[in-house]
Amino acid sequence: MSQPERRLVAWFLYVAMLALSIGATLGPFQALEHAGINLYPYLAPFIRSYYQGLSIHGVFNVLVWTTFFISGFLTFATMSGLKHPLYSLKLGWITFWIMIAGIGLTGWALFSDNATVMFTSYPPLKAHPAYYLGLTLVVVGTWLVSANIFLTYRAWRRDHPTERTPLATFGALATFVMWDIASLGIAAEFLTLLIPASFGITQGTDPLLARAFFWFTGHPIVYFWLLPAYVSWYAMVPKQAGGKLFSDPLARLALVLFIPFSIPVGLHHQFTDPGISEAWKMVHAALTFVVFFPSALTAFTLLASLENAGRARGGRGWFGWFFKLRWDDPAVAAQVLAMLLFAAGGVSGIINASYDLNLMVHNTAWVPGHFHLTVGSGVTLTFMGISYWLIPYLTGRKLWSRRVALWQAWTWFAGMLLLGRGLHWLGLLGAPRRTMLGAAAYRALNPEWGLPSLLVGVGGGILAVSLYLYLVEMAATIWFSREPADIEVPEAEAVSGPEHAPFLLERWRVWIGAAVVLTAIGYVPTVVQLLAHFNPVASLRVW
Ligand code: HAS
Ligand code: CU
């Protein structure tokens, strides 16, 4: 890969890390607040409220850290998989700057306390137009990233008409095909409802319609975050762990199934919303169990692949292989620990999706418990693990300290175990999410919240240490490491190779067609009904 290409990828990752440093720094303040230690007064005048901090935490972590990392990593995976130059480096940089302008606008609105609306941007809360325009630019940026990737693929395909697409690139394509369709919901929401209302062109918005548009994108966005981690787990980790991918065709099947099944499930975020038919909620609940399936396939394939690696390295017995994995390689340790946490997050996800159980846990601390194990661990800890080899590869500088990186991975694991346990538990005890619990009078009526809140506080504290270990490791590698890195891009071989994959898996039109049909079935009746009862209410700034 050429130096200029490496530089482009590296800059996407640097901005991702900068965003994480901002977003995640605010996390421990929330966790400590739940444990009864309110440090917000010390953040003034930069952060004026718990809710402003929470909005910045959500946006910078799940929207900016993820999106920039993914844009860099999947662009990389496309080029390195195909061994083909990027279609247009210039387009790559234009995209980068559009996205930077976007986070500039959004960041300004958030930090000036003009957008305390949470990362879900729920109306009738009204943010400054800069907030919505900025996020719109970031989404437009992702479309341009995908265009560059698709055009690179097309150029490669012309010279290789019958070859199977290399697995990592296949995963990058599947991710962006899915995302480009999925992101139309938030585009519709922002362009037709939130931006006009924010400018005062319309008097208000219909919160229910806006929420439906939001979750049209808001569920599949979690797979936009997850699939790049799957790309690494399938196409790279087996090699790094010292073994082979169990089945390449099974990996492709899992990845491609996300295209049709990711979108028509968004109503599982709206089970408690009035005005949407119970029947359609049930359809989305059932389809959520369908989209669970490719992740279950993934768990199977990964376990078999890791077992293959552990046995190749001399592991014996039912579990002995697990301890023989390359635990001394931080890239491997971080990603296997991420898988373990993600498996627990997947379990709480299926509980969320189960209609009746959702009524118990919805809007409680259980839900942030769930997503800290999924996006906060499965995805984030994986991206950290990837950066332990990818940053050295891109910069040519050896990882500064393997030991610090290993400590980082294990502390993230420990911190998230405690935080995840505490939040799920608090949720079961009825503690609401997105609430400044320490200031809530009813807290005194619930003494049993004490222990789980403590777990949240301690977990958050450990995570703060872990975050700074990560940032120090990265900064030291980029600035101070003097030894040259000697890194090969990991490309896992497979026990059952790509030659066994039916070509149907690469017929993108079939999968896109299936996605369009299923999405239309899943959403058209509900959207038509919501439009027929369009009921705008005034937008509010409540802070
Ligand atoms: Fe979720 C809410 C259902 C996956 C993120 N989710 C959220 C929110 C976020 C989020 C951010 O049905 C909150 C949104 C908000 O602010 O309101 N979620 C699911 C289901 C899945 C799922 C069924 N979620 C994710 C992923 C996320 C994510 C992935 C981010 C990346 N989620 C819900 C529902 C809600 C929800 C409801 C609404 C709740 C409410 O009421 O508000 C599934 O896709 C999960 C499938 C996962 C698995 C696990 C497979 C395990 C693997 C690892 C293998 C491990 C190995 C190592 C091999 C089936 C692949 C093992 C080694 C050994 C030795 C054991
Ligand atoms: Cu969802």
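For all residues, glycine too, the Cβ spot is worked out from N, Cα and C.
A TrEMBL annotation is a machine prediction, not a hand-curated record.
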Query raised in the report: Which is it, of 32-51, 412-431, that TrEMBL names as transmembrane segment?
Result: 412-431
Report summary line: Near the transmembrane segment (213-237) in space but 6 or more residues beyond its ends, with Cβ under 8 Å, are 62, 66, 69-70, 73-74, 77, 81, 120-122, 166-168, 171-172, 174-175, 178-179, 182-186, 188-189, 193, 245, 251, 254-255, 258, 262-263, 265-270, 291, 298, 301-302, 305-306, 332, 335-336, 338-339, 342, 371, 374-375, 378-379, 382-383, 385-386, 489-492, 523
Query raised in the report: Taking a Cβ cut-off under 8 Å, which residues six or more beyond the ends of the transmembrane segment (510-532) line up next to it in the same chain?
Result: 177-178, 181, 206, 208-209, 212, 216, 256, 259-261, 263-267, 275-277, 280, 283-284, 287, 504
